[in-house]
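Trainee: Below are the structure tokens for one structure; questions will follow.
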Amino acid sequence: MTLSNIYNQMPKRYLLSLLGFFGLFNAFILRSNLSIAIVAMITPTIVKTSANTTTIIPAAFNWSTTTQGYILSSFFYGYAFAQIPAGLLATRFGGRILFGGSVGLCAFLTLFTPLCAQCGSGTLIFLRVLEGLSSSCVYPSLHAIWSIWAPKTDKSKLATFTFSGGYIGTFVTMLFGGVIATDCSWEWVFYVSGILALAWTVVWFYVTAESPSTHPTISHEEAKYIEDNMDQAISRKQTIPWKCILTSLPVWAIIAAHFGTNWAIYTMFTELPTFLVKSLGFRVDTAGILAALPWLPVAISVYGAGFISDKLTEKYSTLYVRKFIMSISFIVMILGFLAVTLLDAKHRALIMIGIIVVIGTCGPAWASFGVNHLDIGGHYAAVLMGISNCIGSTPGFIVPVITGYIVQNPELKREWNAVFIISILICVLAIMFYTFFAAGELQVWASNSADEYQHVLNNPISSRDISERSGLNEKNIDDLTDRLKAEIHDEKNAE
């Protein structure tokens with residue numbers, strides 16, 4: 001079977017999920033490459049010659065732990081604060097262009113990382129802020145895509161399969177980034193990741209379409225299946241119910257869960273390679289492999305939890321399923337953090353198991369709150385994702401800065417324990433808030449029944465899609481009315 005035949009026969013929503021998987025795969029490589037490369041950038045290299053002599057090559061950069069914290073966190077300054085505008089743009093223009101453009105632009109900027117690093121830490125921080133800004137549309141645009149493409153029965157597994165690409169990307173970065181930095185040079189970590197992401201961008205724009213109704217090769221059966229199994233008709237109202245969204249406790253429950261999960265993720269995401277090298281005494285290349293291990297289970301668990309969620313929602317309420325999976329995830333996550341905190345540095349294997357548990361349980365959590373925007377927000381899911389990801393991404397720059405101040409001597413594990421204890425407290429508060437206030441059904445303000453909201457958007461994509469796909473658009477109604485009038489007139493004449 002040729003590649004062309006596979007493309008024509010494959011359901012287009014599954015193809016979209018596959019391409020979205022590789023899009024997040026590349027997006028997370030671009031944001032995580034510095035976490036592993038910076039270890040090689042600040043660590044002296046020991047070279048053994050054939051004459052059994054040892055040469056120590058000084059580190060490329062002599063940055064303090066505080067400076068390292070600002071460098072590692074700088075990506076998330078731009079990323080977090082641009083989330084709400086990104087959600088508005090995704091709702092206004094659709095997700096396809098923003099998703100592909102966001103990854104492509106970040107990839108282009110990544111190619112300049114070695115040059116900016118040589119110019120100084122300030123220049124590197126500025127570049128990473130720009131990369132964060134360019135990546136801010138990734139999650140809101142995906143939610144805009146799935147609000148149009150995901151039938152209710154496939155919603156969790158389509159979205160979570162796409163989400164899992166991010167964790168596979170982190171896994172690959174940690175696994176091969178240390179090897180590339182050691183065997184080639186740290187510069188090639190950025191060159192390879194940038195080139196791969198640019199290649200994906202070309203494929204994305206060539207293959208995808210904004211909606212089922214505009215896809216050139218989608219089957220009529222699949223387009224009808226998607227239309228008939230949406231949670232609701234895509235709203236034609238050119239409005240966003242800001243007041244209701246910002247005062248909705250279910251929205252804030254998602255934000256709390258997002259913040260707590262991301263705090264755990266970014267604690268490991270930005271600090272794990274440094275912790276493994278400095279505190280536990282691993283080599284850079286070995287630390288890269290070990291830092292990669294936890295991200296494979298989280299990639300598997302996020303999709304597995306999404307698949308299980310779709311099955312459970314056939315028997316139980318959506319709210320029950322979301323809370324059930326979230327509660328299990330956070331309880332196990334907290335226990336993992338507790339084990340990492342209590343264990344001494346000499347128990348390196350047990351600490352790694354605890355770290356794998358912490359990161360692995362973030363997957364099911366994402367499969368719950370990460371889809372909850374679509375449950376309660378409908379067509380406004382992109383806006384909700386923009387709001388929650390704005391606040392939920394702040395750990396990306398808070399964690400490295402706090403760690404930089406707390407951990408003055410990274411060789412001492414007792415200083416790292418304070419970072420883990422803070423994570424435990426935040427996770428406890430997050431799951432308590434989510435358990436009390438989460439919702440699982442479409443909220444009143446997200447339905448088509450409310451008309452009092454302030455007009456702020458003109459959404460031609462959604463309006464076009466619903467008019468093209470609906471059999472009762474305004475033109476058809478006028479035609480039916482004219483035909484009925486003509487038939488009544490003919491009957492009167494016959495009498």
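Glycine too: its Cβ is placed from the backbone N, Cα and C atoms.
Reproduced below are the annotations present in TrEMBL:
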type	residues	note
DOMAIN	12-442	domain 'Major facilitator superfamily (MFS) profile'
TRANSMEM	70-90	transmembrane segment
TRANSMEM	97-113	transmembrane segment
TRANSMEM	125-146	transmembrane segment
TRANSMEM	158-182	transmembrane segment
TRANSMEM	188-207	transmembrane segment
TRANSMEM	244-266	transmembrane segment
TRANSMEM	286-308	transmembrane segment
TRANSMEM	320-343	transmembrane segment
TRANSMEM	349-369	transmembrane segment
TRANSMEM	381-406	transmembrane segment
TRANSMEM	418-439	transmembrane segment
Trainee: I'm checking region-level scores; what's the whole-number mean pLDDT for the domain 'Major facilitator superfamily (MFS) profile' (12-442)?
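Mentor: Mean per-residue confidence for the domain 'Major facilitator superfamily (MFS) profile' (12-442): 86 out of 100.
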Trainee: So if I exclude everything within five residues of the ends of the transmembrane segment (286-308), which remaining residues of that chain have a CB under 8 angstroms from its CBs? That is, six or more out.
Mentor: 36, 39, 156-157, 159-161, 163-165, 167-168, 170-179, 181, 268, 272-273, 276-277, 325, 329, 352, 355-356, 358-364, 366-368, 371
Trainee: To the transmembrane segment (320-343), which of 97-113, 125-146, 158-182, 381-406, 418-439 is linked by the most Cβ pairs under 8 Å?
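Mentor: So the stretch in question is 418-439.
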Trainee: Have the transmembrane segment (349-369) and the transmembrane segment (158-182) got at least three CB pairs under 8 Å, pairs 6 or more apart in sequence?
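Mentor: Taking Cβ pairs at least 6 residues apart, the transmembrane segment (158-182) and the transmembrane segment (349-369) are in contact, with 3 or more under 8 Å.
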Trainee: Is the transmembrane segment (70-90) close to the transmembrane segment (125-146), in the sense of at least 3 CB pairs under 8 angstroms with a sequence gap of 6 or more?
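Mentor: Yes, since the transmembrane segment (125-146) and the transmembrane segment (70-90) share at least 3 Cβ pairs closer than 8 Å, they count as touching.
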Trainee: Out of 97-113, 158-182, 188-207, which stretch touches the transmembrane segment (70-90) the most, going by CB pairs under 8 Å?
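Mentor: Answer is 97-113, with the largest number of Cβ pairs below 8 Å.
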Trainee: Looking only at the recorded stretches 97-113, 158-182, 188-207, 418-439, which one has the largest tally of CB-CB distances under 8 Å to the transmembrane segment (244-266)?
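Mentor: By Cβ pairs under 8 Å, 418-439 leads among 97-113, 158-182, 188-207, 418-439.
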Trainee: Are there residues at least six beyond either end of the transmembrane segment (158-182) with Cβ under 8 Å to its Cβ atoms? List them, or say none.
Mentor: 13-14, 16-18, 20-29, 32-33, 35-37, 39-40, 142, 146, 149-150, 188-189, 192-193, 269, 272-273, 284-289, 291-293, 295-296, 298-300, 302-303, 305-307, 309, 363, 366-367, 370-371, 374
